[in-house]
Each structure stands twice: as structure tokens, then as C-alpha cells.
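Asker: Here it is, the structure, as C-alpha cells.
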């Protein structure tokens with residue numbers, strides 16, 4: 001037990017190395033830009049002020065979104081998705097996989113679950129001992145199941161999922177803007193310093209030429225580092241922008257979610273505008289800020305096609321609306337989320353008269369309404 005505990009502690013410590021590296025690079029870039037470039041190199045006061053103001057805006061937004069991604073705890077399934085004590089004992093004693101699946105199916109009838117494994121079985125996590133909600137996956141690094149898991153990012157030492165995916169995308173946006181702004185404003189001085197290094201004859205330079213000081217090394221490396229990071233982040237940002245537009249996670253891009261009718265890579269696609277709203281929320285004033293505004297609860301998601309279990313009713317081409325107890329719901333479903341699939345008019349009379357309305361016991365309730 002002791003060696004295992006020591007190994008885990010060492011792994012946790014080593015996992016912070018990429019984060020420390022990024023922060024050291026950012027601290028150096030701040031010093032190189034503010035002190036070496038703006039204070040020691042640029043002589044024009046107006047240029048200094050403009051450069052510093054814009055720089056600090058990008059710097060602040062970059063640091064804010066980066067650390068929000070790091071400190072946001074990955075959302076995990078609630079206790080409602082754990083097996084009851086009696087069923088858990090039966091499941092552990094049972095050796096027949098088919099009998100185990102029958103136990104899971106019986107428990108899953110009371111849960112809003114529509115995705116399956118590749119073989120059509122209930123998605124169950126043996127490590128966390130719970131039934132996985134839709135789009136939930138187990139992270140071996142964090143050793144937990146994460147709601148709407150996208151991937152585990154070593155550069156933030158955290159799982160990117162439902163609780164912080166918006167912050168992660170904004171982190172990519174502002175880090176890219178931070179790098180491109182530094183590269184663009186440093187470019188003219190980079191050329192001058194590079195020319196100065198090539199000529200190696202300061203006495204023959206014009207009087208208004210930059211002095212040969214240690215600032216030139218910071219400026220030269222600052223341009224190279226900013227350009228290098230911009231190119232690498234641009235490719236990653238482009239990929240995640242595509243994922244947002246398709247309403248997919250990285251895992252779903254490689255392995256399509258499986259419904260009752262089989263794999264469907266576009267199962268959660270609602271259209272570009274509604275897909276973006278799912279991640280950034282329905283209030284545009286919060287889109288550019290690393291403030292939580294994503295729609296939903298992380299347990300259920302609007303789908304363009306749902307084929308439920310026969311025990312839950314055979315439902316096709318229907319919209320799903322789920323309300324979860326406030327204790328397990330990071331943000332109650334907003335009015336606009338209920339509009340996502342065009343089902344914005346649900347009166348009490350319709351609920352009583354509609355034969356397809358299904359109501360599941362608390363604390364999780366799900367209502368399925370026919371689009372037609």
C-alpha cells in the first residue's frame with residue numbers, strides 16, 4: 001500500500017510539470033515584452049502606451065481562461081447512476097455477462113440513458129461502479145468518470161469535459177490572440193535586431209538604429225516562441241472549432257456514439273447555431289468571458305434522433321428535455337435550451353393528453369415530446 005501511495009503522489013507531482021513549464025514561458029514572455037521591448041527598446045511614448053494596453057487585455061483574458069480550465073473540477077455522475085446496494089451485490093455475485101446486463105437494464109429503466117456500447121450493452125464503469133450517462137467516459141488519469149468527457153489535457157493537468165469545455169476553447173482563442181499579437185508587434189524590431197546581428201557593425205548603423213543591448217536576444221526569441229506557439233495552437237483551435245460546430249467531443253469524433261439503431265456520429269448534432277449555443281450558452285454577452293454559461297446538466301442532451309429501449313418506449317425522431325435536481329445540476333435548463341429542437345410550447349394539457357409523455361421518478365425526470 002505504501003509504495004503504491006508514493007507512486008501516486010509522484011505521478012500527481014510530475015503531472016504539474018507541463019503547467020509549470022507553460023507558466024514559466026508566459027512569465028518570461030511578459031517580462032520580455034513589457035520590460036525589454038516596451039520599456040528598453042521602444043522610445044516612442046504613444047507606441048509604448050498603446051502596445052502595453054492592448055497587450056495586457058490579451059494577457060489578462062488568456063490567464064483567466066487558462067486557470068479557469070485548470071481549477072474547474074470535472075463534473076462526475078451523481079449517486080442516482082450508482083447501482084442500489086441490492087442490485088450491486090447481485091451484479092458482483094453474478095458471473096454470467098447476460099445476467100449482469102439484465103440487472104443493468106432493470107436499473108437503467110429509471111435513468112435517461114440512450115447510448116450503448118458497441119455491442120449494444122448498457123455502459124457500465126467497473127472502476128467507479130456506476131452506469132455511465134450519455135457522453136460520459138472514465139478518465140484513467142483522473143481515475144473518475146467525467147460528464148461529456150472530451151479528453152485529458154496535460155497542459156492544464158485536468159480533464160476537459162462538460163464543466164470546463166467552454167473555458168478550454170476560450171483558452172485556445174486567447175492564447176492564439178496573445179501569440180499573434182506579440183508576433184505582429186515584435187516583427188519590426190525582430191527584423192531590425194536580426195539585421196543588426198547580421199551586419200556586426202554597430203558603428204556604421206544610422207543614428208536612429210536600435211542599440212546593441214541584451215534586449216535583442218529577448219526580442220528575437222520572443223518572436224520565435226510566439227510564432228511557434230501560434231502555429232501549433234491554430235491547428236488545435238481549428239479542430240475544436242470543427243468539433244463545436246458538429247456538437248461532438250474528441251472521443252465521439254474517433255468513435256461515434258452508439259444508439260439503439262446503431263452508431264450515429266451526428267446523433268447529437270442540432271445545426272451549427274444550436275451546436276454553438278450548447279457550449280457557449282444562449283446569452284451572447286457571456287460568450288467571450290470564461291464564465292460558465294453552457295446549456296444543460298451534463299446528464300442528458302438534446303438529440304436529433306433517439307431510439308430508446310423497448311422498456312422505455314420505442315421513440316424515434318423526438319426531442320428530449322430533461323430536468324435534474326438542482327443539487328446535481330450545475331445550471332438549471334434555461335428557456336432557450338428547451339427551444340433547441342423547436343419544442344417551446346409545452347402546456348400542462350399537452351402533458352396530460354399526449355400518449356408519448358413519459359415521466360420518470362425523481363430526482364431525475366425526463367419528458368419526451370413528439371415533434372410532430
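Using the three backbone atoms N, Cα and C, a Cβ is placed for every residue, glycine included.
Under the heading domain 'Palmitoyltransferase DHHC', TrEMBL lists 122-254. Taken from TrEMBL, the feature transmembrane segment applies to 20-42, 49-67, 167-191, 219-242.
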Asker: Averaged over the domain 'Palmitoyltransferase DHHC' (122-254), what pLDDT does the prediction give?
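Answerer: Mean pLDDT, the domain 'Palmitoyltransferase DHHC' (122-254): 88.
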Asker: Mind checking which residues reach the transmembrane segment (219-242)? Cβ under 8 Å, same chain, six or more beyond either end.
Answerer: 25, 29, 32-33, 36-37, 41, 168-169, 172-173, 175-176, 179-180, 182-183, 186-187, 189-190, 193-194, 197
Asker: With DSSP helix as H/G/I and strand as E/B, how many residues of the domain 'Palmitoyltransferase DHHC' (122-254) fall in helix, strand and coil?
Answerer: 75 helix, 16 strand, 42 coil
